[in-house]
């Protein structure tokens, strides 16, 4: 028998059926799910340490190696968003007092600075205005001056729409005995990245962008150089949950019997497995081409409306997330709200430094189609006609 009376009654809202609006997600992520990926989310759960689950985990690792273009044995999934993957990289590689060089040309570089400082690293931001990118010469100056153990670059800066070139940076870092960490959250699956050939030591991505899986899992891979640094550290990582030695064992990366570490998000991993399977069936190069062609079509339609792309150099435009300069006289919030309220299409404003300056339109995975470009540009045309415009 219960010894106390209930003080909290069943919430009335939970006694009603769950209702989800039918909405087209054309922001920087998450993206709408393909039917096969949605179906995977409805499958029955199995034990996290069963042979069947281990098989699924191994298939996911092979899929990650494919989309990352790597043969690294130390390749796995982090149970958490891409922020978790970034923290996993930093908490395992950096020790207090280590020098950490960060390309801070948007919100994700700023987050890397914040996390590095929390870990007691000596953080050296290379700050750029929104829309900027890094050259080999600029990075070499930072490497020579600060002698870091780790350099962070964002491949696809979704807050600014910049695609950071990666060729040559791995070789440059290794010349200075520095590891290269790359954020590819919004780029993997949507634009070329070659982890091994570009000399990237740690690469991570998210499930909910061009890969089209639900949010909540992140992909990460470590080179042998990165593994050596992590496995020879003098102090334990601050986080047990993100300790790579435990995670490597649980994901079958160390050729040892697997030991329980935490309960993985089983249903989310079903969906991730299917998202990687779809890219494998489509072909990675075909996926890149689809995103490139959809982005080019979007850029042309936007410019036909008289809108200006925020990133001026076409070679530096991220194909998965396009940033559009907010047209003079308009409040970006009015445009975003109009497109949502009248067309059930989600686009987003800026994040971090570009807040108030840009609109962000994502063409990610399943959503990267000419039909969706037509829908969002017609919605923008209507918004520009009906939203209030201040006199300049």
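Even glycines carry a Cβ here, placed using N, Cα and C.
Over in Swiss-Prot, the protein carries these features:
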type	residues	note
BINDING	360	substrate binding site
MOD_RES	209	N6-(pyridoxal phosphate)lysine
MOD_RES	225	N6-acetyllysine
MOD_RES	225	N6-succinyllysine
MOD_RES	234	N6-acetyllysine
MOD_RES	312	N6-acetyllysine
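For residue 225 (N6-acetyllysine), the number of other Cβ atoms no farther than 10 Å from its own Cβ, over all displayed protein chains, is 18. Counting only the Cα atoms, the space from residue 312 (N6-acetyllysine) to residue 209 (N6-(pyridoxal phosphate)lysine) is about 24 angstrom. Taken residue by residue with DSSP, residue 225 (N6-acetyllysine) is part of a helix. Ranked by CA distance from residue 234 (N6-acetyllysine), the recorded positions 209, 225, 360 have 225 at the top as the closest. A distance of 14 Å separates the Cα atom of residue 209 (N6-(pyridoxal phosphate)lysine) from that of residue 360 (substrate binding site).
When the neighbouring Cβ atoms lying within 10 Å are counted for each of the modified residues (209, 312), the highest count belongs to 209. Within 10 Å of the C-beta of residue 360 (substrate binding site) there are 26 other C-beta atoms, taking all protein chains into account. All protein chains shown were included, and the count of other CB atoms within 10 Å of the CB of residue 234 (N6-acetyllysine) stands at 6. Cα of residue 225 (N6-acetyllysine) to Cα of the residue listed as 'substrate binding site': a span of 36 Å. The secondary structure of residue 312 (N6-acetyllysine), as reduced to three states from DSSP, is coil rather than helix or strand.
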